[in-house]
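S.K.: Attaching a single structure in structure tokens format; questions to follow.
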């Protein structure tokens, strides 16, 4: 886990947040992505953090899954059902049902930003029976090369209220664990699709 500073002003104000990854070092490009796209301003009663995942699949494939605001169950293992009316556009609201075993059953979520050029997805929780109040996330998708092949770096950051009775660290660790599961599943689904595409006959 790496501590990432949010700039001199934020450091002076005592605001620090982490970027959690399987690796303990960040390349300059990754740090630049965080600085450029993942700008949160947590208040005293909030915490903010991020997770990253390197996926052995091209950006266009990974983004095609991520951008489906209407079908988060494509790669999110804790989602059992999702309903959304209308087209996928900024302001769209989805009703998500959560699988049993988690301290929640449903979540109402609004699409804040969907940028197909920069590959940015931002979502805010606006209701539900969970404890993630004022939760807002930013997910970005970036091209990279892994083992000489097209790959993808996915970074997801968030800010959320710290529930009464919990610490900032406890809240961050809980949310980070959920996001890591989501990104691990995203990697598995994406990489399976790559293998499938490579093994399908050319005359299909």
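Quick reminder: no glycine exception, Cβ is built from N, Cα and C everywhere.
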S.K.: Checking feature assignment: motif 'Gate loop' per Swiss-Prot, candidates 100-104, 105-109, 110-114. Which range matches?
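M.R.: Result: 100-104 is the stretch Swiss-Prot calls motif 'Gate loop'.
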S.K.: Among the recorded positions 47, 77, 167, 172, 175, report those whose Cα falls within 10 Å of that of residue 132 (abscisate binding site); none is a fine answer.
M.R.: 175
S.K.: If you measure from the C-alpha of residue 167 (site 'Involved in interactions with PP2Cs'), which of the recorded positions 47, 77, 105, 136, 156 fall inside 10 Å?
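M.R.: Within 10 Å Cα-Cα: 47.
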S.K.: Suppose we draw a 10 Å sphere around the Cβ of residue 156 (abscisate binding site). How many other Cβ atoms does it contain, all chains included?
M.R.: 25
